Structure formats: C-alpha cells, structure tokens
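J.: What TrEMBL lists as domain 'STAS' is 519-695. Per TrEMBL, the feature transmembrane segment maps to 76-101, 107-123, 169-186, 222-241, 253-270, 282-301, 406-427, 433-456, 463-488.
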Amino acid sequence: QVVWMASPRSLYLVSRPLYTEDSLAEKHEKVCRDRKTLSQHVLQYFKWDTKRAKKAGLSLLPIIGWMRIYQIKSWLLGDIVSGVSTGLVAVMQGLAFAMLASLPPEYGLYTAFFPMITYFFLGTSRHISVGAFPVLSLMVSAVVTTMVPEKGDAVDIPGFDGKDKEQKRVLVASSMTFLVGMYQLGMGLLQVGFVVRYLSDTLVSGFTTAAAVHILVSQLKFILGLEVTSFNGVLAIIYTLEEIFVKIGDTNLCDLVTSLLIIGMVFVYKEVNDTYKDKLPVPIPIEVIMTVIACGVSYGLDFEKRYQITVVGEMKRGYEAPIAPDIDVMKASAMEAFPVAIVGFAVAYSVAKVYSVKHDYTIDGNQELIAFGVSNMFGASFKSFAASTALSRTAIQESSGGKTQVAGLVAAMMAMLVTLALGFLLAPLPKSVLGALVVVNLKGMLMQFSILPSLWRKDKLDLVVWVVTCLASILLGLDLGLGVGLGVELLTVVFRTQFPRCSVLANLTGTDLYRDRKDYMCITAQKGVVIFKIPSPIFFANVDFFREKLNDAVGFNPLKVLRKRNKAERKMKDASIWASRHEGDVVATWPDMHADEPEQPMQIDWKGNLPSNVSVPRVDLHSLILDFSAVTFLDIAGITGLKMVVKEFIRLRVDVYIVSCDECILEKLHRCAFFDDDVSRSIFYPSLHDATLSVLESQKGAHPPEHKVIYKRTNRLYTS
C-alpha cells in the first residue's frame, strides 16, 4: 500500500512485506522475455521489406524529408539572403584557408563549391556551412609540405612525373582528401558514427586551441612578409618560430602595417557587431568589405612593385577536368588521413548538433559520415581539399535567416561565380590580408584558454585532458597530439573506474534514506553493521582496490583474521585445551570423538576470553551490507573476487547482504556458478532498507518467516 499525503508537508506512507530477491520474485511474477540471438540480429539486419526500403531511401536522401515541408513564401527569401551573406564570407575564407593548406588560393573556392553540392542532397543538418575549415587545412598542409617541400625534391612517386610543384601539391591534397572521404564513407556504412563520442568536448577544445596556435604561427610569414621554411613533425612550431625570429629584421613593413590595420578594424567591428547583432537585419560581411578595400588600395598604389609585397596573382578561371586520386599518395598519407577524417566529422557533427537542438530537428551521425565522405570524395575529384564546417560561417548562415541548405546551395553558387567570372578582381589582393583574416577569425578558438580556471574548479581530470591535449598537439603536431589526448582521456576513464570513491553509508535518522556517514550529522549507525558502497563496475582492474577499500571500511582483513584463527585453533588443539572455562564462559569445546566417526570442527567463541597464549583479532562485525546500486557490470575476475570476499566473511560468521543488484548482474552470477552451498540467493535484497530491517530482525533472536516482516515507514518527500 502506498498512501500519498498532500501539502502542506508532503508525506508518503509505504506498508509492504520485507523482501529478498527470491521472495520478491515469488510475489511478483516476471515477464519471460525472448532474447534474440546473434544470428537472429544478423538476419533481421539484412531482411528488407517495402517499409524499410522507403525508410532507407529517406535516410540516404534527407533532402526528400525537408523539401516536402519547405515553405517557399516564408523560407525562400531568408535562404537567399543568408546564402549570399555566407557565400561572400566563404569565398574569402576559402582563399585564406587554401593558403593555410599550402595550395594556390583558387583551390579554396573549389572547396567552397563542390562538397556543398553533394552535402545539399545527403546531409541531415539544415544549417551548417560546408567548406574549408582551418584546422583541417593545417593538417592537409602538413602532408603536402612533407611530400612536396618548399626547398628540395619531392618524394619519389611515379604520379609526380612531368608535374611542377603546384601540380604535385594539388595532387597530394586531392588524393589525401579522397582517402579522407573513403574513411568517412566506410565508417558511415558500417554504422560507427559513435566513434565521435570518444572525442569529448574538453579534448576537442584543447585540440582546436592548439590548432589555433599552429595556424597563428603559420600565418606570421604572410603578415610579416617573410620567406620561411615549412616544418612538420615534432617541435615543428619551435623551429618555425626560431626561423621567424632569425629573419625578423627582413620584415616587410607594408605587409605588417596592412595586416595590423585589417586585424584591428575587423576585430573592433566584430566586437561591436556582437553587441548590436540583435538590431542588425543581417550580419555585415566585414571580411568582404576589407578585402575589396585592400584590393583597390593595392591596385591603385601598386603595392606589388612599389613595396615588393606578395599578392594573390592571377587565378585560373573555370573548373578543370576531374582527376583520379593517386594510389601511391593515398598509401603514403593513410595514417595522416584518418585523424583528418575524425576531426572533420567531429567538428561538423558538434556544430550541427547545436543548431539541430535550437531548431528542433534531428540529425543522424551515420548519415552525416556518409554525406561528408561522399562530399570529400566528389570534391577531391575536382581538386578540392578536405572539407568540414566553420563555426563563424555557420553562425552567419543561421543568424542571417537561413532555414535550410538552400542557403548553402546559394553560397556555393557565389563561390562558382567568383571562380568563373570575378576571380581576376582578386589578383592584386595582398596575401598578408588573407593571413590577417585567418588570424582575426581565430579569436573564438584562442579564447578557449579562458575555460582553464573553470575546469580547475569543476573537474581537475578534465583539466588534465585539456592541458595535455593542447601541449601535445602544439609540440608533437596535430596528428600525434590528438592521439596523445585521446589516450589520456581514456586513461582518465580508467582512473575513475579503477579508483572510485567508495563510502560507508548510514541511515539518515527518521527516514529510509542512506548516505555517506561522513557527510551528515543526524545519522543512525547500527553497532556491528557496515554498509559499504562502491560506485563503479567491479572488474579485473579494480577488484583488488574493491577488496582493499572494503577491508578499510570494516577495519580488518578477513583473510588475515582467518589465518590467525586457524593458527590459534591448531595451537589450542595441540595444547589439549578442549574444555577450558574462564569466569563461567565456555571458550572452546571439542565434541566427544568415536573411532568410527569423522573428525568434527572445534566450536570456539572467538569473542570470549581466550587463553593468554592465544592472540586473535576481535571481530565485532556481525553484518556486512554491500550496496550494488551503482555497480553496472562484473566481469569474470570481478565475480571471482566477489565470491572470495563473501566466503571469507561468511567463514568469520559475518552475515553478508548484497542489495539493489541489477537483474542482468544476477543473471550473470547464475551463469558463472556464483551460488553454491555457502553463497545462496537469499543474501540478495531489492533495497538497502529491506536488508537493514532484516539485519535488525535477525539480531532480535530469530529470522522471521519471509513475507511476515512489514516494511512500514512514513517519510517526507525529499529532493537532493
């Protein structure tokens, strides 16, 4: 019976029998569920019908879903305005990020166009802007400059024959991007989109911050107008900074002044825009405005000849014929391409998830992998490099009124327009301006340093992950740094499960609630009873830790006590002390022995007064309750260790109770032959209070019959 008592002070009254797991199963019949075998799951996976085929078609082509609900009158104008605004920014960022990838600027326009075309049909996000992303550009650059360095010969690959340096670099970037797409497509088809969950927000934050530092250093040569060797690998950033400081005296003042002006003006505008963005109908594309001004000033004052600055120069008009990826390049870049695939998808999925929650629609991680895989493979065929999304472009696309990927398609058309007709207007644009635009857009990533104090207060292990990932990525390179960060992150998970915070519980006076006895003042702790809680799985890595903490909780090591008792028993037997009495107390008795009867064990009162020459630790504990409410699984080693613990305490005549154990764990204990003559199912109780009441009843003299003890408690309703 459950009686609800309403306000003014909410109370509840529960009156029911005291249950063990066995008596509960007798009283309340369980549903018998047929669990599918592995072969049945496989057969179901490959079984197709009309309904599933239709669902698969809609899943593979999400455009069908949102096109059916497209509101032309309400959404079309907003998508067009958003597409134009986003497209202008995408063009500028494409040019800048292509330089970051050590490629000619026009290939950034290809990346702003081709991947978006296929994502329009295959992607599930309606708001992300697909195109170049600075972190991926930098990771592509590491492979490009390794295989085709600025100085010296390129690696020996047959596909390089007859090609100049630019063509070789384009071939490397496109072939690697094709492999990135293959990785993403393969993971999507194998339904392993869950891998991105192993990249926590903390890890991604530390990684992208390190990438921002790398990007900042890589753009210094454009901002200062220096010729700097491209370094890759361990400590590459140190070698780059060293060479920059050596050549700092050769700085081109025109490049430096132009860059500082661009950075200052764009930064000030963005700060003002953030303050008054709610009052602006659409964001003003400040990057485009500054680029147009810089082009005009550079052309009018002839910066290239007068001040010897490096400009973008003439770009190729139109699109080139598609090319096939080079197999040798793909083999050489196989290791580097995989982290690019993971990072590209992780960033895009994280951004897409934010906007899907905001606008109340769902995204499919596996379909996103397929969409980006196909987009990168398609784009690579037309010489684009690895694509993902950029938070700044996506924010513009969403805030300027974009409702669907029609805005992304319009943005891609803007990039196509520049490639086909307007590219020549960008020829006098100083490369230092593009470098400055890259740097000023790093503000968001660099500001992530500000979360360190917050991480220190909230979770120091997360702080360790952030710092190690960031430092490793800066010093060892982005690919190795990501691996190190992932390893440290997994180690923190192991640390949390291998060394959990165990506690000894006590009853909060006047309630049926149990909490850590160190945290509360008004508690009721029964003498001779220990309630021990372990808040983690019990498995091979922490089973010894579990035993150690349990020994600390009860105040003795049961195995050592057993050994001392056995030693004392042998000593007493050898001394023929079988019926000694001390102050009227029977310490030990030895049953009458007959020749034809087997030897019987001694009956010793270990809590009584023992002979002076016998020393055995006194055990006042009579009941041990193990709270398994937070134990999610046990492996074979954990089950073996738990059984040993239970048997040791039983041999010490300590009653053991295990409470709130999950059904799946109970089933596994049955399968693993956990129960025997010593360990029975009767020690398992459905709740901690059931076990505590059973202990109290048993200490009164006799165990009551099951279903006769009444659980009765009147409580107030509590929140934490």
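Numbering starts at 1 and runs along the chain as displayed.
Glycine residues also receive a Cβ, built from the backbone N, Cα and C atoms like all the rest.
Automated prediction, rather than curation, is the source of TrEMBL annotations.
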J.: Under 8 angstroms, Cβ to Cβ: which one of 107-123, 169-186, 253-270 has the largest number of such pairs with the transmembrane segment (222-241)?
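T.: Ranked by Cβ pairs under 8 Å, first place goes to 253-270.
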J.: If you count Cβ pairs under 8 Å, which stretch among 107-123, 169-186, 282-301, 433-456, 463-488 touches the transmembrane segment (253-270) the most?
T.: 433-456
J.: Restricting to the domain 'STAS' (519-695), what is the model's mean pLDDT?
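T.: Here the predicted model's pLDDT, averaged over the domain 'STAS' (519-695), is 83.
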J.: Given a Cβ distance threshold of under 8 angstroms, which distant residues of the chain, six or more beyond its ends, lie next to the transmembrane segment (282-301)?
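T.: Cβ under 8 Å, 6 or more out: 81-82, 85, 88-89, 91-93, 258, 262, 265-266, 269-270, 273, 309, 311, 396, 399-401, 425-426, 428-430, 433, 437.
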J.: Taking a Cβ cut-off under 8 Å, which residues six or more beyond the ends of the transmembrane segment (169-186) line up next to it in the same chain?
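T.: Beyond its ends, the transmembrane segment (169-186) has Cβ neighbours at 101-104, 107, 140, 143-144, 147-148, 159-160, 163, 323, 325-326, 329-330, 333-334, 336-338, 340-341, 344-345, 369-370, 372-381, 383-387.
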J.: For the transmembrane segment (433-456), could you work out the same-chain residues 6 or more beyond its ends whose Cβ comes under 8 Å from its Cβ atoms?
T.: 92-93, 95-97, 99-100, 105, 134, 202, 205-206, 208-209, 211-213, 215-216, 219-223, 258-260, 262-263, 266-267, 270, 287, 290-291, 294, 312, 390-392, 462-463, 466-467
